Amino acid sequence: LRTTYSSIINLCTPKQTMSCSSFKFNTFQFCIIIFILHVFAATPILSDNSSFNNFLDIAKSPEVFYWMVSIRRKLHENPELGYQEFETSKLIRSELDKMGIPYKHPVAITGVIGFIGTGFSPFVAIRAVMDALPMQEMVEWEHKSKVDGKMHACGHDAHVAMLLAAAKILKHHEKEIQGTVVLVFQPAEEGSGGSKKIVESGVLENVTAIFGLHVVPELPIGEVASRSGPLLAGSGRFEAKISGKVVTVAKFQGGSAFNVIPDYVTIGGTYRDFSKQSFNHLRQRIEQIIVGQAAVHRCNATVDFLDEVKPSYPPTINDGDLHEHFVNVAVNMLGVSKVNSAVTPYIAAEDFAFYQEIMPGYFFMVGVKNAKHKPSESFLHSPYLQINEDGFPYGAALHASLAASYLQKHQQNRPGAADSKYHDEI
């Protein structure tokens, strides 16, 4: 740049008497060059991502793609519920061993935490969940669930496969990674708050950012969606027990006969909100209203929010700086028309929010739509769910590129040799 600016100055500085027309011409050249330099100077992140632009091509290569699909199908045939993902965890560790990736296990009972890179700061995490749902698969296909009453009906089998593929890509480029990528294979997202146990284990203590994704069967292949700020709602459950002699509802989970007044009845439900403050306020109001209305009728009421059984999930709120980073990486990889950066928030909840309570976090959606599927086959938590495996390379490549470019952007000086120590525990 110093040489270029020197040339520009020489170009526009008259050494002898210069005509007005030639001066205008040189001024025009000066403006054009300044504009070009400004464009390059205004896009430092794009240039930082240049060495990772081939990640999508790698993820689409037959070697990686078919391996990734085979992993997903093995998991789909053998679904395991939350905190029971022992065989899933074993498969993950086997694949990490083959790639020469160190890891910690067990974390949060069945979780696996892997490490790729220098072993030094900065640390960035990418996360996938492992658990299935307690439902019977109704789709007849070659890789249908072999376990009665259990099914990967939320795409977590795809999440694990994509994170393993991202690990394969990053391991191949490990010498280019300027820091450490932490691979989080998390148990028990479906209502049991596995991320909360991961956080409580302290294994992510020095991680400065975390990325997570979810497959969306309604979103076309090659497209992604997210937003800055609230993306998913917080969710909690409550159960109230109302006892007294004024209650005249004869059967409301409180009696076994239509003509006998029970001593008490129980009611229950869920509550959701996109603001943490409003979520906590809503929780307080539920208790106030139930207890207060019971007292009006000279009854007693107690409210249990069931956090000991299944913790309430806070709202998933995406960090603004990480949103900018995501949009930059995704547009660079997929094109601006394939990135919805202002999606309408979903009322669904995700325990990814527990990570966001201790560090900046970012959650996004990846398209796995199959145009041949009926609408009933494109809903998460449906026994008829089918997802398009052609969408997997996009999730894997984005995982890898988001992490690698984040580290490149936040690199720190490595400690001296005298202070060096491989941080397999962070």
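For all residues, glycine too, the Cβ spot is worked out from N, Cα and C.
Here is what TrEMBL records for this protein:
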TRANSMEM  25-46  transmembrane segment
TRANSMEM  107-129  transmembrane segment
DOMAIN    142-290  domain 'Peptidase M20 dimerisation'
BINDING   Cys154, His156, Glu190, His214, His381  Mn(2+) binding site
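Mapped onto this structure are the features recorded in TrEMBL.
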{"residue": "Cys154", "record": "Mn(2+) binding site", "Cβ contacts under 8 Å, 6 or more apart": "Ala132, Leu133, Glu190, Leu380, His381, Leu385"}
{"residue": "His156", "record": "Mn(2+) binding site", "Cβ contacts under 8 Å, 6 or more apart": "Ala128, Val129, Met130, Asp131, Ala132, Glu189"}
{"residue": "His214", "record": "Mn(2+) binding site", "Cβ contacts under 8 Å, 6 or more apart": "Gly155, His159, Glu350, Phe363, Phe364, Met365, Val366"}
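All chains included, 20 other C-beta atoms sit within 10 angstroms of the C-beta of Glu190 (Mn(2+) binding site). Apart from Cys154, His156, Glu190, His214, His381, the residues listed for Mn(2+), the same chain places the Cβ atoms of Val129, Asp131, Leu133, His152, Ala153, Gly155, Glu189, Leu380 within 8 Å of the centroid of those Cβ atoms. Around the Cβ of His381 (Mn(2+) binding site), a 10 Å sphere holds 13 further Cβ atoms from the protein chains shown.
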